[in-house]
Amino acid sequence: MAISSVLGHPSPCSPSNSPLAKAHQSTILANGRRGLEEAMISLENYSLKGKKLEDLQADYHSLISLCISHKSLRQGNRLRAHMARIGYKPGVFLDNQFINLYAKCEQVDMARELFDQMPERNVVSWNALISGYCLNGCFIDAFALFETMITVGPRPNHLTYMSALRALVGLRSLELAKQIHSQLLKTALFHRTEVGNALINTYSEFGRPEDAEAVYESMVERDEVSWNSLIAVHVQNRHAERAMAVFVDMLKEGQTPNEFTFGSLLGTTDVAIIEELHAQVTKRGLGSNVFTGTALLDAYARCGNPRAAWLVFDSITERNVIAWNSIIDACFGKNMVHEGLELFLQMSEQGTALDDYTISILLKATITHFSIFVGKQLHGLAIKGGLQTDTLIGNSLITMYAKLEGVAESWSVFKDISEPDLISWNSMIQSYVQNEKFEQALTLFAEMRLSEIEPDEFSFVGALAACGSLAWHRHGKEVHCELLKRGLVPDAFVGSALIDMYAKSMAVYDARKVFDAIRNKDLITWNTMVAGFAQSGYLDEVMKLLSLMREENLEPDGFTFASVLAACANATAIQQGRQVHTLILKSEINMDTAVANALITMYSRAGSIKEAEQVFSKLDDKNIVSWTAMIGGFVQGGYLKEALAMFDQMENTGVKPNSKTFVALLTACSYAGMSSEAGKYFKLMEARYKIRPGFDHYACMVDILGRAGRLNEAEDLIKQMPFEPDALVWRMLLSACRIHGDLDRGKRSMERILAIEPGDSAAYVLLSNLYAALGHWDGVVEVRQLMRKHGVKKEPGKSWIELHNTIHEFMAGDRLHPQADQIYLNLRGLFKQMKDEGYAPGMRVLAESLCRAVRKKSRSKLGRPSRLSKKPRERSPP
């Protein structure tokens, strides 16, 4: 009996002369791949003596179909080798089947080679290769072959155009898709229902519901796919009411909705529509259908109603893994952790096999609700089930490890994924960014660009975040250019990332250009631009943007006001800060903790500690930032006892201090000369709160010990630091040496500073002042000569003061301010009053400073008032 008859294909051979009469029909049908293997062995062992080659034709047809259905490239190659060995010429039909096989087995190069070698091709040959290219994501090759077919091949049929449209969706070329649409309008093919459906789906992919609707209206005949496709277009574009209108028209036309109709409609987030559809599903007896039930379950879960989702789940008679996954995900999404775990246990007890999505859901829940221990158990479960190389699970593991363990574990998972997809690359790049491994993120982004995976907007946003954090302006600009080359026009999402990158790279004008070019700005875009100007110190631009937001009827939120207040704080512009405070009180936003903290900081830095206290006292939800800001405000205002008392009060309320809190406390001790108390706090932070001292804490302690004259302890502390001390710490010791006249230690400190920062002008000045204080004028001259030799220039001191909405800027030694005479007269009066009250500065240092001032008087620099609306200067990146 012939294989062809076993497989249900008619054979031209009679049973008596069938070449494979001994093949067992039931074995081939029942054993799939093993049956195919046995059939191939029978074919290869069959003797053709006295037989015609044509007798094998039906069996060849049957076997190639079986190879395609099983995607068995190996057996297909054996079949073709057998043909070549006996001299059988396949002909166009079999060659087309082999092209189909190669494409489905992801061997498009073999398919193209066969296509090029075919002595005869028909429209099916062209369609098979074009479709094969699309199947393998080779959209450029697919459309290029389509264009060649138009020029030199047979006339395309409806299947050709449908594949061409699929290729253009992959290429994201709406313009070319519209050209294909125009070509179809000139042919009779346009009136075929399947062509109309393909056009609707194409416009759906491009987010063009109006074009999809136009195609739908022009169709002569519509089927279920037409109605369902149009409904899906409107749901995907959040036109829920229009989707329901199409559904109503469908019912009026006598069309019966099926599970796919409801599956599309239930993609909406409109609760009223979901409830109406639920009634329709129940009415039509589809509630127990697993496909419709799962879609309904998902819809309720998306709307934040897990209880309703649970009721739907209970009504599904035969639950599959998708239904279980949906209800478990819904529970975890609404923090119903216990219920989610109970369902997971029920799923396991009822014998439903876990799939990759189940484990992915549990890994996602681990980040929010469980510990890394649970995550590692799930990882082990995936390995045990042979799923460790699965892309979906791998992506979830990358994110889980990045947030709970570390980037090294994420990288290990990424390397093990057999076929990393776009999400894999993006997750790994984002993991590096989250863990502040910015250079590694950019290296991986560069590798991604060289791979077969095309970066998307999320890839570029990750790369831009890394560039911004490193302040790599030039590199960020290259990423920007690459983004534009790939046709990704910055929208609000990508645009916000570009603005943030340029602002952090001190290229605020470039940030503003991007901001102005974005058409549909959202609140995040505005906030990013406001924060960028605030971080760069451009208060006038911040205030202009705030006004512009209000003019465009865009309500600022808490983040907006916090950024504006930060800009006011940095400029100590209390009048502008008060105006913003008034706006906040008039707005509809709640005075949240972040905004209140920004107000406390602003008032504290501006010296209005009473207003800061008022905001603090009215704040119900005080967090560590609130307490630290208030402690810092007391320190800055000179209320040192109050600062220490507030720390005690904070401890009594159960709020745990952080690293910044101890910096404020140590600063208070430094100002008050309380070296013993400082030592107590320094030990307390690690002993009680497990906070390891950082650079700032060591710097404060060195300053405190130095001011107290405990120079040996200060130097020993520097040597005991668990990291390499920077120039600032040694500069503090040098300053203490100047105060207490310790020349030898001062010289040692100077050597350390210059080894780290050879051009540190402040260190030269401190050493010069130390020599002057000790009367070693030769040393002063030597330091001056060294400065000239190494090209070191002392940076002039600057100061600012706000008066009547005007910020006045001064440089050391300047006399060009309009009120300079009055200012210096007042200063002389203050010096006299200080002297009368017994204050005696180091006279040698003062004399040296006065001598320098006299020498520079004739060439003093400009110091004039500057309005708050001054034009910002672009800063060069570091």
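Including glycine, each Cβ sits where the backbone N, Cα and C put it.
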Correct range for region 'Disordered' (source TrEMBL, candidates 1-20, 61-80, 641-660, 741-760): 1-20
Beyond the flanks of the repeat 'PPR' (320-354) by 6 or more, those residues with Cβ under 8 Å of it: 290, 293-294, 297-298, 300-301, 304, 306, 309-310, 313, 361-362, 364-365, 368-369, 381, 385
Rounded mean pLDDT for the residues that make up the repeat 'PPR' (320-354): 88
Per-state residue totals over the repeat 'PPR' (122-156) - DSSP helix, strand, coil: 27 helix, 0 strand, 8 coil
Tally of residues which DSSP labels helix, strand or coil - the repeat 'PPR' (223-257): 26 helix, 0 strand, 9 coil
For the repeat 'PPR' (623-657), the number of residues DSSP places in helix, strand and coil: 27 helix, 0 strand, 8 coil
